[in-house]
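**Student:** Quick one: structure below, then a few questions.
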Amino acid sequence: MSIEVRNVSKNFNAFKALNNISLDIQSGELVALLGPSGCGKTTLLRIIAGLETPDDGSIVFHGEDVSGHDVRDRNVGFVFQHYALFRHMTVFDNVAFGLRMKPKSERPNETRIAEKVHELLNMVQLDWLADRYPEQLSGGQRQRIALARALAVEPKVLLLDEPFGALDAKVRKELRRWLARLHEDINLTSVFVTHDQEEAMEVADRIVVMNKGVIEQIGSPGEVYENPSNDFVYHFLGDSNRLSLGDEGHVLFRPHEVSLSRQEIEDHHAAEVRDIRPLGATTRVTLKVEGQNELIEAEVVKDHDSLVGLAKGETLFFKPKVWQKL
């Protein structure tokens, strides 16, 4: 099921949430809407779902304009950040709910519903929890049940709004890898909202970077990271440094793309060490360059030669190995 977003705009009183957004999503694609809070990503997702109505523009599913269709007629599965499971129902009944609510003419019999529910619970690897209640589950288990429930009605499109945002970091990492594998198996057109660039990079086929109601860049994870279209995209997709070149503008580079030396070397900049911060396998060194307003951060392996006996206030010499001039 392909999705076309055509010139969509949306205002909330004086606030312009979306400004003439256009986007094509191919059938079977997993697309991330990535951006900071207030950028319009959730509003766009809700408009695709039919939960919000655009002021201008249209939404097209597989060539059909569905802008005037009710959310119930769009056949989308929606997974929210906070699970939205029914507390008084077992896991089995939660997953079966959508099937039992179908019109009588479309509703499967209870035998088929049971088969379908167990198929889905096996798919999310939680069939053994069918008789439990939501409060007896971990956060990660609840979110997988919420996903199974969304898939039970066989939606044409799966929409996920910050699906892992309420979970701790370790569980988020496990679940996003699981979601990427699951998507390969079900091949369902999916759109998910996130503000976590690492999550988008790991899960999505393509990333739509949004800011202040507009799309800044669309591309594969590699494309947007290696070839950002502007300063905003570069900074949003990871830690970054800015080195001013005066009238020639500035260059941007990542902390892990910095060469450090205790010895003065040609083309390296002198800088004062302001902070040394061990980060496990790496160490972050914060540097102050004379004449520069912004501090420079470098990350090197913890046993790097430049770190031996290094103390705050000493001078290091650095050079960006790779940089972007924007």
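Note: Cβ is positioned from N, Cα and C throughout, glycine not excepted.
For reference, Swiss-Prot lists these features for the protein:
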type: DOMAIN; residues: 3-237; note: domain 'ABC transporter'
type: BINDING; residues: Gly35, Pro36, Ser37, Gly38, Cys39, Gly40, Lys41, Thr42; note: ATP binding site
**Student:** Residues other than Gly35, Pro36, Ser37, Gly38, Cys39, Gly40, Lys41, Thr42 within 8 Å, Cβ to Cβ centroid, of the ATP site?
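**Tutor:** Residues close to the ATP site, other than Gly35, Pro36, Ser37, Gly38, Cys39, Gly40, Lys41, Thr42: His195, Met210, Asn211.
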**Student:** Mind giving me a neighbour count for Pro36 (ATP binding site)? Other Cβ atoms within 10 Å of its Cβ, every protein chain shown.
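**Tutor:** Around the Cβ of Pro36 (ATP binding site), 12 other Cβ atoms lie within 10 Å.
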**Student:** Counting every protein chain present, what is the number of Cβ atoms, excluding its own, within 10 Å of the Cβ of Gly40 (ATP binding site)?
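**Tutor:** 24, counting other Cβ atoms within 10 Å of Gly40 (ATP binding site).
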**Student:** Let me spell it out: for each of the binding-site residues (Gly35, Gly38), count the other Cβ atoms within 10 Å of that residue's Cβ, using every protein chain shown. Which one has the most?
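**Tutor:** In terms of Cβ crowding, the pick is Gly35.
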